[in-house]
Amino acid sequence: MALVAIVGRPNVGKSTLFNRLTEERRAIVDDQPGVTRDRLFGTVEWTGRTFDLVDTGGLVPRSAERFDAAIREQVMLTLEEADVILFVVDTLTGISDLDAEVAGLLRRAKQPVIVVANKADNTARALDASEFWGLGFEQMFPLSAVNGTGTGDFLDAVVAALPEEPEREEEPDVPRIAFLGRPNVGKSSLANKLLGRTRSIVTEVAGTTRDAVDARLRIGEGEDAREVVLVDTAGLRKKARVRENVEFYSTLRTERALQSCDVAVVLIDGERGLESQDARVLREAEAMKKGMVIVVNKWDLVEKETNTARDVDRMIREKMGLIDFVPIVFASALTGQRAEKVLEVALKVFDERRKRVQTAKLNEVVEAAVRRQPPPSLNGQYIKIKYASQVRDEPPVFAFFCNQPQGVKESYRRYLENRLREAFGFEGVPLTLSFKRK
Ligand code: GDP
Ligand code: GDP
């Protein structure tokens, strides 16, 4: 999908615009203390086209001492990654020195740049916006991110500026696997190891975004051979060029890769264990209902005693709390130990995620579970689960029909989920249990 990036100095209204366009409430995606961050990444649909939108304002801390450097970085990243750039300025203040500097950097852009003259809340201010033609770009739209005035024409222009979508055959049977994790955890090493070992790289499919290259490879032999797509291997290779702000870059890449994959393979550093950022990516993958695998990489560096793997496994599961259904593979991208195993496990998770459970079997399990432990009553009212059915797959969703759907407690939902996993597996697959009135 094409990527549209919002740039501009602080306080011009970038995040307000982002929220208006994505119509998403600001979701906190990072619960590390002190680094609480607004959502930076979303999807926009307009007249039948969809595109990804990123608010690069997250790159520039509001308290930054070196604004200029941070903004320069924000712009450079955008020049590398985006298909269309939205340069936001403020009609209340007019052209500032920083605006002029950003404009200077953006004039190098090969992609279309659209100037957004924000805070044009009324006609008079929209007229003031004409000064921004002076920035030297071909397209300029006065609008108000706060009240929505002018956003329709503007969005028409954004959509018109998007690159053609390349023809990509829908191949629902070919798993799309993304390697995620912190910088330097070994994602590119693992991808390259696999690309080097598996003989038949079928094709490299170019995506819309510059250099978003998915590599396709075949694993196994003969009848059992299967193809998989490694999402965005170019992003992994290219990373070396993006020296500054690797963190933001990797967040951006992670978001995009997560969105387009079936199975998220999250690498963690065997020497460091599960860190809060790793947990965040895992939670995000779970929220997006992707298949999930954890790879403890750099296993070659870990001093091992008899039960080291078991202990690390347990430690990770304890830290992950509710997401304990994810398979863990101990690997080394450097030596290649269990590199193929990673793909095998990811494939298994892919298959599990498309699995359908027969209604009769499901109800046997649910009935037994309810008999063993009925739902706790709510204000003296019995909660009765009448029957269940799997209403969709990829990702799987189970509907439970009952008399008091809102009375089913989270703890009981967990109980049922665990019984489903015991009976049917679904390893690495987030399950959705929804309770409906019947
Ligand atoms: P950012 O730093 O560029 O992300 O800017 P914000 O989105 O946080 O907005 C900065 C301030 O400008 C906030 O107080 C917003 O409410 C205000 N603002 C944003 N868009 C508009 C607009 O269209 N009109 C007016 N009047 N104020 C706006
Ligand atoms: P990325 O940023 O996640 O793509 O990480 P890279 O693949 O670039 O790896 C970062 C560094 O860690 C490189 O120096 C790799 O050689 C090294 N590395 C990656 N995987 C392993 C591993 O399994 N064992 C060891 N010892 N080093 C590794």
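Backbone N, Cα and C atoms are what each Cβ position is placed from, and that goes for glycine too.
Keep in mind that TrEMBL annotations are predicted by a computer and have not been checked by a curator.
Per TrEMBL, these features apply:
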- 8-15, 55-59, 118-121: GTP 1 binding site (BINDING)
- 181-188, 232-236, 297-300: GTP 2 binding site (BINDING)
- 2-166: domain 'EngA-type G' (DOMAIN)
- 175-354: domain 'EngA-type G' (DOMAIN)
Legend entry - Annotated binding-site residues Gly8, Lys14, Ala120, Asn184, Lys187, filtered by Cβ under 6 Å to ligand 2: Asn184, Lys187
Inset, instruction - Anything from the binding-site residues Ala120, Gly181, Asn184, Trp299 with its Cβ under 6 A from ligand 1? List those in sequence order. - result: none
Legend entry - Between Gly181 (GTP 2 binding site) and Thr56 (GTP 1 binding site), the C-alpha gap once rounded to whole angstrom: 20
Legend entry - Listed binding-site residues (Gly8, Gly181), ranked by Cβ neighbours within 10 Å, top entry: Gly8
Legend entry - Inter-residue Cα distance where the pair is Asn184 (GTP 2 binding site) and Thr56 (GTP 1 binding site), in Å: 23
Inset, instruction - Give the sequence-ordered list of residues that share a chain with Asn11 (GTP 1 binding site), lie 6 or more positions from it, and have CB atoms under 8 Å from its CB. - result: Asp90
Inset, instruction - Write down the Cα-Cα distance for Gly8 (GTP 1 binding site) and Asn184 (GTP 2 binding site), rounded and given in Å. - result: 30
Legend entry - Cβ-based isolation winner (fewest other Cβ atoms within 10 Å) among the binding-site residues Lys14, Lys187: Lys14
Inset, instruction - Express the predicted model's confidence over the domain 'EngA-type G' (2-166) as a mean pLDDT, rounded to an integer. - result: 84
Inset, instruction - Please report the number of other Cβ atoms within 10 Å of the Cβ of Thr56 (GTP 1 binding site). - result: 26
Inset, instruction - Would you mind pulling the DSSP three-state label for Trp299 (GTP 2 binding site)? - result: helix
Legend entry - Long-range Cβ environment of Ala120 (GTP 1 binding site), under 8 Å and at least 6 residues apart: Thr91, Ala126, Asp128, Ala129, Pro142, Leu143, Ser144, Thr149, Gly150
Legend entry - Integer Å distance between the CA atoms belonging to Lys187 (GTP 2 binding site) and Lys14 (GTP 1 binding site): 32
Inset, instruction - Report, in whole Å, the straight Cα-to-Cα distance of Gly8 (GTP 1 binding site) from Trp299 (GTP 2 binding site). - result: 43
